[in-house]
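Contents: one structure, followed by commentary.
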Amino acid sequence: MARAARTFHLTTFGCQMNEHDSERIKGLLRALGLREAAARSDADVILFNTCSIRESADQRFIGHLGEAKRLKSERPERIVAVGGCWAQSMREQVFEMFPFVDVAFGPGQIHKLGEVLVRDSLEAQAGFFEFEDFSAHLPAERARPFQAWVQISQGCNCVCSYCIVPQTRGREVSRPPQEIVAEVEQLAREGVREITLLGQNVCSYGRDLPRGQRITFAELLARLDAIEGIERIRYTSPHPKDIREDVVRAHAELASVCEHIHLPVQSGSSRILKRMRRTYDRQRYLDRVAMIRGLVPDCSITTDIIVGFPGETEEDFEETLSLVEEVRFDGAFTFIFSPRRGTEAAEMPDQVPHPVKRERMARLVELTQRVARERAQRFVGRTLEVLVEGPSRTDPERLRGRTRHNKTVNFDGVAQAGELARVRIASATSTTLSGEEVLMARLGVAS
Ligand code: SAH
Ligand code: SF4
Ligand code: F3S
């Protein structure tokens with residue numbers, strides 16, 4: 001082992017894809033005999049799995065990297081390793097700008113980390129950035145025994161003008177279906193009840209596979225639904241341009257596919273959507289929503305919205321507000337546009353001044369929260385199936401879990417983590433429900 005490394009510390013930034021990759025990084029390091037250190041200052045190998053989606057993500061990471069530099073100067077035999085999307089997008093500069101970094105690697109090169117760490121010495125600095133393999137091929141260390149991420153594809157073929165991901169994760173590559181099915185069967189044997197399928201654009205899954213292997217995303221859902229023991233299937237994210245009736249029908253017809261679709265809209269203005277290169281317009285998005293409501297009336301719909309995209313006028317922004325009113329989203333992640341290096345939108349001349357972005361963001365957040373709160377009232381009085389995750393974060397006397405609609409529930413009850421409980425909902429805010437376990441029904445489910 002290089003420099004007798006015995007312990008590691010990993011900090012993860014970014015999306016579920018990175019969380020998944022970090023579970024694989026941990027699994028790999030453990031297989032190599034390393035233990036996880038409780039604190040960064042105790043570790044022989046200091047790792048970061050990074051994100052570059054917005055400038056704030058970069059800044060947060062750079063702060064942590066400063067601490068790693070200090071720790072390395074205190075004990076120079078320490079290894080500092082940086083993986084993920086920031087590393088990938090900075091591959092030309094990373095060693096020059098941050099000479100204390102020993103190893104840098106992109107999201108398609110996680111397996112190489114093992115090779116580097118088992119060498120006798122770290123040769124100068126190592127950087128690995130070509131996509132070679134799915135991190136899903138490495139052993140995982142899952143945070144919860146009953147839930148798992150399942151990577152179905154890597155990369156993205158879209159060209160959204162604001163987005164850095166195509167640069168950091170490369171072209172879309174789908175995993176063969178039989179491999180995904182085998183992984184999920186294994187997870188089910190290990191006690192996993194809920195899986196979340198991960199891809200940048202899950203609805204284009206399979207298009208790049210050879211003819212004999214090629215299946216659609218809806219067919220993949222059906223194959224996974226058939227696996228005994230998997231009670232809940234989620235996925236993120238579908239692209240509005242690619243979601244079709246077959247996928248929406250899967251929510252109605254397959255018992256394990258949950259009543260929740262996260263369908264990122266980004267803007268309610270067709271003019272801005274065009275400049276974003278999203279390849280759908282407002283009406284087409286609304287048509288998709290109508291299809292979902294028609295086939296799965298109680299489905300939760302959540303979204304991502306960007307405010308202050310270059311050229312966004314007050315009228316464009318008001319179209320976003322009116323779209324939120326019209327769709328009535330169950331929840332929304334809202335972001336201030338952040339110019340990203342190497343993207344088309346960063347170079348657009350008509351950037352929106354920051355105070356205008358902030359003011360629009362405040363109005364949007366107020367609206368999305370009000371609409372989400374109103375939508376959540378439909379659950380009050382109902383008894384919902386909740387997958388118990390553990391004690392409530394705000395009150396350890398209570399339990400926390402998630403409904404099929406992806407709402408967090410805090411409740412009084414006796415169920416164990418990993419069980420499906422029946423919870424009668426008494427009240428609802430924009431993000432959380434509150435209620436009480438219905439005990440007879442729970443015994444029925446457990447038996
Ligand atoms: N592949 C996913 C999204 C990945 S990024 C999809 O297309 O659905 C998650 C979200 O970050 C995006 O949906 C978008 O709302 C936001 N985002 C991406 N780039 C951004 C940027 N430059 N500035 C602000 N928000 C951005
Ligand atoms: Fe980025 Fe667009 Fe691909 Fe999503 S679909 S990862 S927003 S380029
Ligand atoms: Fe995810 Fe951030 Fe990369 S959002 S795909 S980790 S840039």
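Each Cβ is built from the backbone N, Cα and C atoms, and glycine gets one as well.
Now, the feature entries from TrEMBL:
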- Cys15, Cys51, Cys85: [4Fe-4S] cluster 1 binding site (BINDING)
- Cys156, Cys160, Cys163: [4Fe-4S] cluster 2 binding site (BINDING)
- 6-123: domain 'MTTase N-terminal' (DOMAIN)
- 142-374: domain 'Radical SAM core' (DOMAIN)
- 377-439: domain 'TRAM' (DOMAIN)
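In the predicted model, the domain 'TRAM' (377-439) shows an average pLDDT of 97.
Sitting within 8 Å of the Cβ centre of Cys15, Cys51, Cys85, and not among those site residues for [4Fe-4S] cluster 1, are the Cβ atoms of Phe13, Gly14, Met17, Asn18, Thr50, Ser52, Ile53, Ala57, Gly84, Trp86, Val165, Thr168. Only Cys156, Cys163 of the binding-site residues listed as Cys15, Cys51, Cys156, Cys163 bring a Cβ under 6 Å of any atom of ligand 2; the order follows the sequence. Sequence-distant neighbours of Cys156 ([4Fe-4S] cluster 2 binding site): residues of the same chain at least 6 apart with a C-beta under 8 Å from its C-beta are Cys163, Val165, Pro166, Arg169, Arg171, Glu172, Gln200, Asn201. The two recorded residues Cys51 ([4Fe-4S] cluster 1 binding site) and Cys160 ([4Fe-4S] cluster 2 binding site) have their Cα atoms spaced 17 Å from each other. Highest local Cβ density among the binding-site residues Cys15, Cys51, Cys85, Cys160, Cys163 belongs to Cys85, counted as other Cβ atoms within 10 Å over all protein chains shown. Listed in sequence order, the residues Cys158, Val159, Tyr162, Ile164, Val165, Pro166, Gln200 complete the 8 Å Cβ shell around the [4Fe-4S] cluster 2 site centroid, once Cys156, Cys160, Cys163 themselves are left out.
Among the binding-site residues Cys85, Cys156, Cys160, Cys163, the residues whose Cβ lies under 6 Å from any atom of ligand 3 are, in sequence order, Cys85.
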